[in-house]
Amino acid sequence: MAALRALLPRACSSLLSSVRCPELRRFASGANFQYIITEKKGKNSSVGLIQLNRPKALNALCNGLIEELNQALETFEQDPAVGAIVLTGGDKAFAAGADIKEMQNRTFQDCYSSKFLSHWDHITRVKKPVIAAVNGYALGGGCELAMMCDIIYAGEKAQFGQPEILLGTIPGAGGTQRLTRAVGKSLAMEMVLTGDRISAQDAKQAGLVSKIFPVEKLVEEAIQCAEKIASNSKIVVAMAKESVNAAFEMTLTEGNKLEKRLFYSTFATDDRREGMTAFVEKRKANFKDH
């Protein structure tokens with residue numbers, strides 16, 4: 001959850017203290033974004049791309065950035081042309097953590113009464129699949145943000161960690177919960193209690209990351225995956241995502257019941273009929289998303 005002066009080189013730490021806001025970037029909706037860049041990608045503009053854009057602060061997650069991220073996610077969620085979303089940062093950092101300057105003077109009463117960080121998990125409620133394309137540091141809140149996504153692709157130099165313990169606190173945006181589910185208790189406990197990072201290779205071996213690519217190819221590969229997902233029925237993709245995510249919240253019996261209900265629900269869609277008809281007729285399905 002924290003952007004770490006204790007873990008990053010001193011030069012990076014000083015940058016976090018003296019960061020200047022980047023120029024405003026204009027989104028297709030007309031909104032002015034200060035901390036992110038957004039655009040549509042893919043042959044049919046079916047992929048929404050969101051890039052975190054606080055490079056001097058190693059994409060530290062300030063409140064303004066999270067608010068803009070949520071706004072962009074909601075815009076892509078409502079866009080019928082977009083079937084999947086890619087979230088990325090820069091080559092040096094996906095996100096080095098939360099903005100410590102915004103946290104330093106907070107009190108328990110303030111955090112509790114304001115439900116501090118409660119709006120960080122909006123990304124988990126987006127129905128369209130979100131792919132995190134992680135280059136460089138994904139530490140603290142940056143690691144938590146990546147884990148909120150549905151798929152994680154990593155650049156070969158990526159590093160993941162939950163080093164909040166070095167700042168005298170613990171993860172507060174799901175780090176202890178999602179990391180444990182992703183990599184198991186032993187490795188998660190070690191990372192949380194020591195603040196140590198793991199490489200992209202170790203993250204893949206542990207199950208946190210699905211694929212690793214060269215730094216310069218990462219975003220392109222994530223967009224290709226998103227485009228492939230977007231070519232399927234959007235309503236059925238949403239059902240599939242819901243069913244997989246339920247595996248982390250339900251017992252096996254409950255999860256199987258939900259899966260069966262969602263499976264039956266696909267038979268109420270035109271896309272299920274089209275998909276099976278196309279298979280029998282040996283042609284490509286033409287999904288209409290209903």
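Keep in mind that glycine also has a Cβ here, set from the backbone N, Cα and C atoms.
For the residues LYS157, LYS211, LYS234, the entry in Swiss-Prot flags N6-acetyllysine at a single position: LYS211. The record from Swiss-Prot ties ALA98, ASP99, ILE100, LYS101 to substrate, and of the options GLY64, GLY83, GLY136, GLY141 it ties GLY141 to that site too. According to Swiss-Prot, the listed position annotated as N6-acetyllysine out of LYS217, LYS241 is LYS217. When LYS115, LYS127, LYS185, LYS282 are compared with the annotations in Swiss-Prot, the one labelled N6-acetyllysine turns out to be LYS115. Record note: of LYS204, LYS228, Swiss-Prot gives the feature N6-succinyllysine to LYS204, with no matching annotation on the rest. Every protein chain shown contributes to the tally, and the Cβ of LYS101 (substrate binding site) ends up with 14 other Cβ atoms within 10 Å. Between GLY141 (substrate binding site) and GLU164 (site 'Important for catalytic activity'), the C-alpha separation comes to 9 Å. When the Cα atoms are compared, LYS101 (substrate binding site) and GLU164 (site 'Important for catalytic activity') turn out to be 14 Å apart.
Non-local contacts of LYS211 (N6-acetyllysine) by the CB criterion (under 8 A, 6+ apart in sequence, same chain) comprise TYR153, ALA154, LYS204, GLU221. Comparing ASP99 (substrate binding site) with LYS217 (N6-succinyllysine), their Cα atoms are 29 Å apart once rounded. Comparing ILE100 (substrate binding site) with GLU164 (site 'Important for catalytic activity'), their Cα atoms are 11 Å apart once rounded.
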